Structure formats: structure tokens, C-alpha cells
Amino acid sequence: MEEPEEPADSGQSLVPVYIYSPEYVSMCDSLAKIPKRASMVHSLIEAYALHKQMRIVKPKVASMEEMATFHTDAYLQHLQKVSQEGDDDHPDSIEYGLGYDCPATEGIFDYAAAVGGATITAAQCLIDGMCKVAINWSGGWHHAKKDEASGFCYLNDAVLGILRLRRKFERILYVDLDLHHGDGVEDAFSFTSKVMTVSLHKFSPGFFPGTGDVSDVGLGKGRYYSVNVPIQDGIQDEKYYQICESVLKEVYQAFNPKAVVLQLGADTIAGDPMCSFNMTPVGIGKCLKYILQWQLATLILGGGGYNLANTARCWTYLTGVILGKTLSSEIPDHERKDLAMVPG
């Protein structure tokens, strides 16, 4: 664990925690859908020396028991088996969602355990009062179900993080600003009033995952504790922020959360291969600032983002927002000259 270079004036405990280790970044770089994205993100954060203003915490790897707080034993055991063998043709894999979107490549179980463990580590830092904000940019895999991989997501680290936070915090608000509906997280908590899920996302025929209509509000005791905000293509910063602020204002007043988990997938940014929303990091940053002014324990996760350079720029910009820093568009001397900051 590294001490930050410039601790916050109001106390060491308010310095954000940044989940990082070279081994963790290397593991996350191996995911075929986003090759070396984790390195690009950390590299740019490092270039702006933002890591020196945060408390760096090395993530632990999630144990089978920790992963089983949400996922079924059968799913975890199958994922471990095919991961060890690199068997993408196992006859049972289709039952567990392993295939085209989520290939059962060698080592995928270790990757899932690393990401799950990193988000649990971040949640534990918040529980321990080490910080008010904990960041795991390589987390946010919100589609995975308890017994099924889905949408590039093998393990639902967001759910694992929420479950860990529930050990201390009575009511958790999950806010999902990814382009895609946070279906796995919503499903996990659809029957409880202790976790409220809010998802702003693209919703149109044929667009994955096909859920998240405005009429989807939760079930049983969790009825009206799921909020879905379908958004059409082409939305820009100002309109998006207006929608986000108005929804979150109502949710905050009605639910009175004690902690927040925020998924900030960067596939909403203009130039993403998803070709849907027309956002800039500045617009997402305004939404982030709105949530941070609540001054609650806040777990920050990444998610989608398939223009890798834009994603690195976005999350670096948002790290600056968390630190209250305005970043120059002129990138410091650094090995990645292609990542110069152009936030909007």
C-alpha cells in the first residue's frame, strides 16, 4: 500500500483509494474483448501523476467462497474447469452462457477472480473507513447472472461489491451509466428494498441485453426499487445530465442511501464502436460530481468502453474529477503519445 504524495487537507481518510497492482493490470489486459485496456488506463492516470494523489491498494483475489456469495457453486466450478483446460467446446458451456460473447479461454477463471477480488477489496476499504471513494476501473462487469456469463461478463463484481458493502451500510444505491442496461445487478437485487438500482441506458429493439424498460420496477419487496431510464441514440452531455440529475435527485430523497456503487462504462462516449450516444467525459463528469456531492461512501467501477484510447481518456478525466483536478489537454511526457487528453 502506497501513501499518497498529497493527502487531502481534511484528513488522510478522505484520500481516494485506487485499486492497482502490476499483476492485476496484466491480468485485466488479457481479456480478448478489451486487450491491454487496463494498461492504457493506468498509463494515462500515471502520466498525469494522479496515482500519487491517491492511496494505492493492491487487490486481493476473490476466494471461491466470496464469489459464491452471489454465483452458484455449479457455475463457478464449471468456469474453473474450462478455464484450466482452455476448453471452449465443453458441451455444458452453453448452459452457463459461455460461448461467442464469453469464450471459455484458458485462465478466464483467474481473471474473473481477480476482478471480483479487486471490487471486494475496494468495498472493504470503504467499510474500514479508509476512504470515502474507492476506484476499480477494471471492474463494473454488470451483465453476469448468478449461474451464467453474459455480455463479456464472467463474474458480476458489482454485485459482489454491493454484497460486501451491505455488511456495514443498510441501504446501497447502485447507479449504472454504461450504454447497456445493468441487467445482472438489477436481477440480483430485484426482490429487495435494501439495494436500489438506477440504470440509464440505450433501449431499442435488438440492442443487448433487451431489458430495462421504464416499466421494469422490481418485484415483491423490491417493487419500485429498480429505476430504468431508456435513452435514444445521439444524446449529448447537456440533455443526459438533465435527465441524470432529475432522476438521482428524486431517488436520493426517496431512498436515502448510505453508500453508492457507481458503474461508469465509457461506451457512451462519442467515437465508441457501439455508435450510439454522443457523450464526452465532461458530461459524465458532471453526473459524477453530482453524486460525489452527497459525500457518501462511493465505490467507482468501470465497465464498457471499446474505443480503448477514448476509454483511457474518459476514466483519467473522471479520476481528475474525483480528485478535484482540472487536467491539461497537453499530455505530460509519457510513452503513450496517442492518448493526449481531449475531454470534450
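Quick reminder: no glycine exception, Cβ is built from N, Cα and C everywhere.
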Same-site divalent metal cation binder from Asp92, Asp101, Asp110, Asp267, given that TrEMBL records Asp178, His180: Asp267
For divalent metal cation, residues beyond Asp178, His180, Asp267 with C-beta within 8 angstroms of the site's Cβ centre include exactly Leu179, His201, Lys202, Gly265, Thr268, Met274, Gly303, Gly304, Gly305
Integer Cα-Cα distance in angstrom, Asp178 (divalent metal cation binding site) to His143 (active site, proton acceptor): 11
Which residues in the same chain, at least 6 apart in sequence, have a Cβ under 8 Å from the Cβ of His180 (divalent metal cation binding site)? His142, His143, Gly151, His201, Lys202, Phe208, Pro209, Gly265, Asp267, Gly304
Near Gly151 (substrate binding site), how many other Cβ atoms are within 10 Å of its Cβ? 19
CB neighbours of Asp178 (divalent metal cation binding site) within 10 A? 24
